[in-house]
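Here is what TrEMBL records for this protein:
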{"type": "ACT_SITE", "residues": "193", "note": "active site, proton acceptor"}
{"type": "BINDING", "residues": "19, 42, 126, 144, 172, 173, 193", "note": "S-adenosyl-L-methionine binding site"}
{"type": "SITE", "residues": "4", "note": "site 'Interaction with substrate rRNA'"}
Ligand code: SAM
């Protein structure tokens with residue numbers, strides 16, 4: 001079965017990108033009164049403790065959400081310019097004194113709602129972020145297949161006493177989530193956030209998106225994906241772009257790189273993988289408000305979450 005557990009990765013740079021985009025997207029979609037249905041095809045456990053065993057073991061949040069919460073260093077030596085850092089720095093400087101971009105401030109305020117005493121001991125996953133923002137008449141459909149995470153998700157959601165607003169399904173999100181499309185109000189956001197631990201996840205995202213668009217062409221679709229040296233990962237945004245363009249739908253593609261993807265040598269001479277260096281979000285039918293928000297937020301995220309001089313970002317849209 002699956003070995004991926006999101007608890008090891010909660011609050012890392014990929015979550016920061018994904019959840020910043022998710023919140024900015026939802027904020028816009030929730031401006032209209034008509035009910036919204038959110039389908040989270042790969043929900044995870046819903047809520048994580050950053051001071052718990054899993055997060056402590058990996059320490060990934062330390063280079064993600066926790067960096068954004070840390071007060072800025074009093075004096076900061078400018079990074080020696082590598083090619084990518086240079087291009088990010090051009091758009092960022094003088095970032096240390098600049099106020100936080102609206103989308104980042106909003107993300108931090110949502111995380112703050114779960115941590116009234118400050119910090120980020122509790123990190124909400126996508127199900128809790130979405131539920132926190134939804135109104136009573138909106139709906140949330142959560143898919144999670146991992147037996148342990150599905151149980152935890154069930155228990156976490158039960159505490160919300162949200163009744164019929166939230167459905168937790170221990171089903172294959174790729175296999176059956178399209179049954180909720182289109183929803184009766186004909187307004188939906190679908191988040192596709194698989195773990196990509198099996199290569200076929202890339203193709204399944206594409207198949208799912210194609211089927212979903214066919215059933216419900218005006219839904220908003222958001223796909224998170226890892227940027228790693230693997231042909232399927234490289235091809236995914238390109239194929240999503242082709243799909244959206246052929247369907248005549250607008251799209252937006254945002255990426256955040258925090259470090260080089262090159263193998264590094266350990267002191268004993270072995271080579272080491274660097275861990276996830278970058279990730280992207282691809283949206284079909286994005287809100288028109290998203291691009292300007294990300295144009296302001298991504299340079300700051302690239303600077304604040306940089307782990308080496310290769311940190312950078314990109315933002316592109318079409319349709
Ligand atoms: N969306 C969550 C968030 O932002 O907090 C994180 C989700 S995590 C990256 C991916 C989850 O998908 C894992 O918990 C994994 O067990 C689950 N999963 C993997 N394959 C699945 C499938 N076919 N259907 C539903 N869930 C699946």
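Just so you know, glycine gets a Cβ as well, placed from its N, Cα and C.
Automated prediction, rather than curation, is the source of TrEMBL annotations.
Known features from TrEMBL, placed on the structure.
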| residue | record | contacts (Cβ under 8 Å, 6+ apart) |
| --- | --- | --- |
| 4 | site 'Interaction with substrate rRNA' | 146, 195, 197 |
| 19 | S-adenosyl-L-methionine binding site | 107, 110, 126, 129 |
| 42 | S-adenosyl-L-methionine binding site | 143, 144, 173, 191, 192, 193, 194, 195 |
| 172 | S-adenosyl-L-methionine binding site | 143, 145 |
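If you compare every pair of Cα atoms in 19, 42, 126, 144, 172, 173, 193, the residues listed for S-adenosyl-L-methionine, the longest distance is 22 angstrom. Just so you know, the Cβ of the residue listed as 'active site, proton acceptor' picks up 24 other Cβ atoms within 10 Å once every protein chain is counted.
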